[in-house]
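Per TrEMBL, the features are:
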DOMAIN    27-171  domain 'TNase-like'
DOMAIN    199-337  domain 'TNase-like'
DOMAIN    350-509  domain 'TNase-like'
DOMAIN    539-678  domain 'TNase-like'
DOMAIN    753-811  domain 'Tudor'
Amino acid sequence: MATAANTTTAGAAKDGALAATAAAPAKTLTGIVKQVLSGDTVVIRASKGAPPPEKQITFSHVLAPKLARRPGAGGDETKDEPWAWDSREYLRKKLIGNEVTFTFDKPANSNREYGFVWLGKDKETGENIVESIVREGLVTVRREGRPTPEQQTLIELEDQARAANRGKWAPNVNSADKVRNIKWAHENPAHIVDVYGGKPVKAIIEHVRDGSTVRAYLLPDFHYITLMISGIRCPGVKLDADGKPDLSVKVPFADEARYHVETRLLQRDVEIRLESVNNSNFIGTILYPKGNIAESLLREGLAKCVDWSMAVMKTGADKLRAAERVAKEKRLRQWQDYQAKTPTFNSKEKDFTGTVVEVFNGDAINVRVANGQVKKVFFSSIRPPRDQRAVVGTDGEEIVKAPPRGKNYRPLYEIPHMFDAREFLRKKLVNKKVQCNLDYISPLRDNFPEKHCYTVLIGGQNVAEAMVAKGLATCVRYRQDDDQRSSAYDQLIAAEQQAIKGLKGLHAKKDNATLRVNDLTVEHSRIKVQYLPSWQRALRTEAIVEFVASGSRLRLYVPKDSCLVTFLLAGISCPRSSRPALNGVPAQEGEPFGDEALTFTRERVLQRDVSVHIDTTDKAGSSVIGWLWTDQNVNLSVALVEEGLAEVHFSAEKSEYYRLLKSAEDRAKVAKKNIWANYVEQVPEEKVVIEEEKDEKVPVERKVNYENVIVTEITETLTFFAQSVDNGPKLETLMSKLHADFQANPPIAGAYTPKRGDLVAAQFILDNQWYRAKVERIQGNNASVLYIDYGNKETLPISRLAALPASFSSEKPHATEYALALVALPADNEDKEEALRTFSDDVLNHKVQLNVELKVGGGPHLASLHDPTTKTDFGKQLVADGLVLVEKRRERRLKELLEQYRAAQDAALAAHLAIWKYGDITQDDAPEFR
């Protein structure tokens, strides 16, 4: 007989819980058939309760053939008696899940309760099940003793069945055909999974161990299996020290989960899709008429998703996640204390499309969005290949980081498969449009900045999933309650399982060798001897641009020779770009249009396949010089010249491309592009005039050319910033566009990492508006910036800085710094403050007239300021009021003005004004006071 379900103790409490339909002595009750144990025994449960009480009823006066018993289930293995399965199936199909009426009594000295069962709520009109199974010839009627009226009826029905050759009484049926060949054990469970090939197989659920584990027969071969439901885990029974179920410990929701499954699956016809094995247990999905039982359990909060088994699912993992999400949101059962950990994002921050401009080492890309801003995008829930010397834990995290390498260590080439991963992304993504969907933000930790992690799609394909499937990345393992993961995490896990099974990439059994690269950017001596001759002979050599240092200086990787080399564009001279501070070397400002040339080159060739022809090396032999064609077959030297970002170098005259270069330069000059914006064609006569002026040695006189300005900022060293009044409308237009752009596309806080010397957008603390600024200093999480259009400075958190869109970076600063001409502040701090306060009252935020008195290299020009109405010279007035000193200067052009300032100072001294109150303070500099 099959393993019986747990029965409850018969007694007043249980009987009272079942729905009574007759007086107590008759013991007539109603219930729902939960399980059929054999052709003569059923388990009936009450209609109410979760779980409800149960009662096992054995049919009176009949005996059914015994079902097979599996080994270890309370004894040795036995086989079916003939017709045992047929009788059990007759009752199962007729009774399971249906309401019945039953009577029972318990004979003296018996542990069983015997009775009759009628289908429906009324035994007067319902079908007598005992009589029906006797009529079908599937059980034997007991004939000992004096028969009761009920027994006599059964005897007569059995005689009729014998006469009609029904069921077991059929004479021509081979009894061996009515005995199942049950496969209780399986030496190779994985083979059975492969045989069924992921296709649904018909099955009957025989036992529910807990909400996520059942035993079932696979039909028609009668494989008896223990099945763990894919993708979920329900609360189960606690085990004692011996590994046996400890029924004294109640696990919350365990009984409710088991009951949920029993009422829907126990002894029902279902379909099972086998998907994997775990030791001797099978893993699979159970489909019943109303859907997937796993989804139902998750939706009710009776189960939780399990990553490891969800990875083996063929389909439907996303539906399980969605069902679990419903229970979380409603805080059902196991999720009653659930608190969401994932932050919310606005739609603009969460989803965007853009063009990939750069790929990092296998786990991140730079994407340019429509407004020109470049965002760094990390792939969600994957890790690129890592240094094999690191010690990695079971969760994939580095327990011990790899020891540091030498200064010439290049992880892209020396970490196995890192270059393959980068190349896969480069070829698939660079200069292509992608859709980025934000999944989570990884917080700052271990000196690593905050990371915005996205699911990146190209043509509807998940890029991270494609990488994992090729074995070029691995999946991050999370705690079960950690929701900060990719929205396609289950697909990533499934792809990783397939990669492991296929021994792809990182999962290959053979040793992962590093890529051997000859770094000619370090080993310069090998260029001329080993590589240059073959490069010169080749018409073109294929290469990949790995780095762009300036508009005309690049680093190439040549796959044919597996080498890195510094490459200079031939035939042109390009403005030097700015350089950030690095390794103690201070930042360097670039030449005009140097950064524009760098951007032009980066946008066209960085990480692209190019072809080059190499002519020679530079004087030091450390770099090669040649011509480069983009993937669109455009000569980059010619393109830079035509854009006005480079000029033709004299060395190009002997080149076959000289005509192209010269024509491009002429067109750029005519169009006044970039470096040629102020170009005026030279007239020979002008040179003669200049030389005559030099020969005549005419004394230089002071030039007066007043410009209307507004003073916007005054520094503590008496320099000031001024804006041209004529450029006021232009500045207003610029600010309006900038504010509107950042309001429409607010940057992600912390997404931008500024460097000293960067031109950025900064959010002014007083009005929270965005302005153009230059980073002067980085200290911790704060940055000191200069607002280049106003002259004021501010220290603010890095989170209030963002990349300045390219459309706003080309316009020159609207505030220019000047030094007040011919005057110096007194040494005393109080006198200094008084002078600065007076000067501020006179000119700050006022419209004044400015005249540049002397242009100074490497510092602010000296300028005087004048009242446009009274023509008062504000610097001279400060001297006359005794607030500042007159500088000692010898320029001839300033001689007359300097005499006027000294006369004003002598008058202030004579009147003992302000700093001269106690006499001549300059006498302290005489030798006798030193």
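Glycine is no exception: its Cβ is also placed from the backbone N, Cα and C atoms.
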Please list the DSSP helix, strand and coil residue counts for the domain 'TNase-like' (539-678).
40 helix, 45 strand, 55 coil
If you run through the domain 'Tudor' (753-811) with DSSP, how many residues end up as helix, strand and coil?
6 helix, 29 strand, 24 coil
For the domain 'TNase-like' (27-171), how many residues does DSSP put in helix, in strand and in coil?
37 helix, 43 strand, 65 coil
Summarise the domain 'TNase-like' (199-337) by DSSP state, stating how many residues are helix, strand and coil.
40 helix, 50 strand, 49 coil
